[in-house]
Amino acid sequence: MSHPALFINGAWQQGRGAEFSKTDPVDNQPLWQANAADGSDVAAACEAARAAFPAWARTPFEQREQLVKRFAALLEEHKSHLAATISRETSKPRWETLTEVQAMIGKVAISLQAYQVRTGVSQTAMADGASVLRHRPHGVLAVFGPYNFPGHLPNGHIVPALLAGNTVVFKPSELTPQTAEETLKLWQQAGLPDGVINMVQGGRETGEALAASTDIDGLLFTGSAGTGYHLHRQLAGQPEKILALEMGGNNALIVDQIEDCDAAVNLAIQSAFISAGQRCTCSRRILVKRGSEGDAFIERLVQVASALRIGRWDAEPQPFMGGVISSAAAEKMLAAQHHLLSLGGKALLTMQRLESGSALLSPGIIDVTGVRDVPDEEYFGPLTTIIRYNDFDEAVRIANQTRYGLSVGLVSPQRERFDHLLLEARAGIVNWNKPLTGASSAAPFGGVGASGNHRPSAYYAADYCAWPMASLESESLTLPASLSPGLSFN
């Protein structure tokens, strides 16, 4: 049954747009139903954020800090409930969504540290005064959230934006509306002033209306490259608006020399199939050196991947992974596999739908070595490819043969190999003997090329949430001892 699912100026409201719903990805049972925000709802949310901005920006930082800390405490208190909500909507296992909520809590501490270090106040003494650097909020920021981490990734935009003094209009993915609703209720419970965060639910039309609003001063986005490019075009010619895009990747894992085969296979499994392959840093390409060592690695990879436990989020014992986000997404993944096979790829492990109409998919591994015209696409699911190479220079060239530039990784005991990769890699994240999906919130997160700009959702998020204000200051004014040539007071 539809319910008030928009949060505007501190109140829950019924949307005026079309009704939409969310179902369980595994069994298609209804989970959530409400009306989307139409253009007038979006306008009201942006107006509320604009009206709330002056007072929020002038609120002492210590008060903004305390409110964000209260939100973190509420996340801790409601961790199990929020994790279960995320699991039901995404089908990710409970063990994984509990870590997501914990990451949301940790992001508060990281954001507080980042605000002080990267966007606080600094002063440099000069002979006749001081040079002072301060930072000021942009104003109203639109935040677009993804479905794969519907709590953690929007949180990585919203928390630093609020700390900097911005107000927010949040548009979550239409595939995870309930997680967004539960999260906003915690912000409300934390005592957030009316209008500081507003939420509009809906799909493409809602998003386009928000991006087109003249009341926003910037847009922070995490999601697919296709949507990111669309938003970039929509905001073209508006340099006054900050635009931060974190998009996808066609990431390569280079398996060069193997000391422990099972350790290398575990790293590859974590890189390719964690979250059912629905992380932007997942390895879509595994590059394996030709030879018996590489053959043994691939054989073991297929063996272990074929035995992965897949199931419902609340199953016991817990599965390694659940399904993809929807039955439609599962269909797209199966179509992608079919296309790779039609091009000449060889199925080493065929991805299969485990239940009719369900989003549960088994992992797929396709050898595309020597196959021409393989699409440079991010297949967002449990499907990876194998490409064999002859030498390390060739591996690096293959890794860089993508319009994306998010992550690349190396399995090798040789530091020299990693140093080589660091020099040649075109990627924002370069890992050595660590899963591609591993990242530190204390480090930048993001890439180059079609993977986006700026570094959302991590320590460097503070950079795009405030603009620098430079001042030359002196408490008194005196005539210089030495005047400029041609200037006289005689």
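Cβ coordinates are placed from backbone N, Cα and C, and glycine is handled just like the others.
Per Swiss-Prot, the features are:
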- Glu246: active site (ACT_SITE)
- Cys280: active site (ACT_SITE)
- Gly223, Ser224, Ala225, Gly226, Thr227, Gly228: NAD(+) binding site (BINDING)
Q: State the Cα to Cα distance, in Å, between Cys280 (active site) and Ala225 (NAD(+) binding site), rounded to an integer.
A: 10
**Q.** Rounded Cα separation (Å) that holds between Glu246 (active site) and Gly226 (NAD(+) binding site)
**A.** 12
Q | Number of Cβ atoms other than its own within 10 Å, given for Ala225 (NAD(+) binding site) | A | 22
Q: Could you tell me which of these binding-site residues, Ser224, Thr227, has the fewest other Cβ atoms within 10 Å of its Cβ?
A: Ser224
(Q) Applying a 10 Å Cβ distance cut-off over all chains shown, what neighbour count does Gly228 (NAD(+) binding site) have? (A) 22
Q) Which one, from the binding-site residues Gly223, Gly226, has the smallest tally of other C-beta atoms lying within 10 Å of its C-beta? A) Gly226
Q: Would you count the other C-beta atoms found within 10 angstroms of the C-beta of Cys280 (active site) for me?
A: 29
Q. In the same chain, which residues outside the set Gly223, Ser224, Ala225, Gly226, Thr227, Gly228 have their CB within 8 A of the centroid of the CB atoms that define the NAD(+) site?
A. Phe221, Tyr229, His230, Leu231, Met247, Gly248
